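Visitor: Relevant sequence annotations retrieved from TrEMBL are reproduced here:
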type	residues	note
SIGNAL	1-17	signal peptide
BINDING	60, 337, 341, 378, 379, 454	Zn(2+) binding site
BINDING	60, 171, 173, 332	Mg(2+) binding site
ACT_SITE	110	active site, phosphoserine intermediate
């Protein structure tokens, strides 16, 4: 039961909270609902065009609570209360839920989930681009169990392909697009056990350069995994941790360059200035590695050396759009996840706001008629916000009352576990003694852990464009890859595509019914 003190405190706070004047008029809400209804009725005319282009935005760790908090933050950054704000993904007409569990894990990791939504096959935790027959860290269970991704299928169909991430380009999410590895942590051969090397397994950076040699656009971090051991980094010359890691002595940047046809224009860049001075219309291949490891958090980003996610997406779309057959682009807002793991919600949510900007940028550069855009997450986090906060309360602010147990204040944002658990003098830390608005503030957690964990609940899937209506309910996460392939007429399931080319668009009739009824494993 809620105590009388809490009831009075909450009631007083909410009575005094800000309410926009227009929202006091019932007509405002009725008109808004009627406009939404008219828009919903127009959706009865399905977009069954072939998706010339497919863009997948993956917010790593962007659970539903993170989406809501990001919406509020976006509004408050524009000096609004925040709750009424619409994210770019909020404007997408179709929304579904994705079941994120790995084949061997109730609460998943980013590797097994990436294999699901990119390769169409659920997999074990910690593995990328392989089926569940592969055991983590067991190299000898890899061969024969490799599965290919939507990036491969698009490339085989003659489309251009690209990967843009704020993490290392050989991190869990992007690696599932091109690699087959029993362990997501095998970034270079330096991180691999001797047994795996003896058995012939290759590190993920090596696979990036060799498995699909003509990926048109690759942008993110991860420079150090491309260079020989102890090679000095071009940007951080005095930092030992930024030096090259490779034991095989390879310079994978040179390898990348050697694979490109001489008559094509290939560019390797390592900073924002170099990137933005390129003319995308004359670039055929682009490799941009802007940090030795992951990119800097958006709040900490150096505007001279590091591009934003939206800037990278703009360049990528311009380059890929030159292909008359279209393109597939994977975009990862990967450091949302890292901010949450550190218990630093401010870092995580600003990463998500920047990804929303990138979604908007891509939307202005493409058409609903021929581009399927999907926004989703791989998993959630044990991140929450509550405490009966009033309208317009800073998303990083305090709840309107103190605890009725220890008489101390608390922030609206909290974590179920993580590094924010702090006890001072045998009691919960009094947050009045710390700067809880600081970017590096670690929100309080219920259970002490060095790193906060993922959450196991379903995540949202937002979709717009051709065949977006196929994402419509609660789905297994691997279904997403099959929808993208079906919409773009790539991969094995292309029976509907012949009629599409002759009739001007795919017929959704019995063929869509067939897609629904067939076991997913029979399609790819």
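Indices start at 1 and increase along the chain as displayed.
Even glycines carry a Cβ here, placed using N, Cα and C.
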Visitor: Quick check: of the recorded positions listed here (110, 171, 173, 332), which one has the Cα closest to that of residue 341 (Zn(2+) binding site)?
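Guide: Minimum Cα distance from residue 341 (Zn(2+) binding site) across 110, 171, 173, 332 lands on 110.
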Visitor: Provide, as an integer number of angstrom, the distance between the C-alpha atoms of residue 379 (Zn(2+) binding site) and residue 110 (active site, phosphoserine intermediate).
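Guide: Between the Cα atoms of residue 379 (Zn(2+) binding site) and residue 110 (active site, phosphoserine intermediate), the distance comes to 7 Å.
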Visitor: Within 10 Å of residue 110 (active site, phosphoserine intermediate) (Cα to Cα), which of the binding-site residues 60, 173, 332, 378 do you find?
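Guide: Of everything listed, what lies within 10 Å of residue 110 (active site, phosphoserine intermediate) (Cα to Cα) is 60, 173, 378.
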Visitor: Just to confirm: which same-chain residues, 6+ apart in sequence, have a Cβ under 8 Å from the Cβ of residue 332 (Mg(2+) binding site)?
Guide: 57, 58, 59, 60, 163, 164, 165, 166, 167, 173, 174, 220
Visitor: Just to be sure I understand the packing, how many Cβ atoms besides its own are within 10 Å of the Cβ of residue 171 (Mg(2+) binding site)?
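Guide: A count of 28.
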Visitor: Counting only residues 6+ away in sequence within the same chain, which have a CB under 8 Å from the CB of residue 337 (Zn(2+) binding site)?
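Guide: Correct list: 60, 61, 110, 348, 381.
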Visitor: Beyond the listed site residues 60, 171, 173, 332, identify every same-chain residue whose Cβ lies within 8 Å of the center of their Cβ atoms for the Mg(2+) site.
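Guide: The answer, listed by sequence position, is 58, 110, 114, 165, 166, 167, 172, 174, 333, 334, 337, 378.
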Visitor: Can you tell me the CA-to-CA distance separating residue 454 (Zn(2+) binding site) and residue 171 (Mg(2+) binding site), as a whole number of Å?
Guide: 17
Visitor: What is the interatomic distance between the Cα atoms of residue 171 (Mg(2+) binding site) and residue 378 (Zn(2+) binding site), given in whole Å?
Guide: 13
Visitor: Would you count the other CB atoms within 10 A of the CB of residue 378 (Zn(2+) binding site), including those on all shown protein chains?
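Guide: Around the Cβ of residue 378 (Zn(2+) binding site), 30 other Cβ atoms lie within 10 Å.
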Visitor: How many other Cβ atoms sit within 10 Å of the Cβ of residue 173 (Mg(2+) binding site)?
Guide: 29
Visitor: Pick out which of the binding-site residues 341, 379, 454 has the most other Cβ atoms within 10 Å of its own Cβ.
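Guide: For the binding-site residues 341, 379, 454, the Cβ with the most other Cβ atoms within 10 Å is 379.
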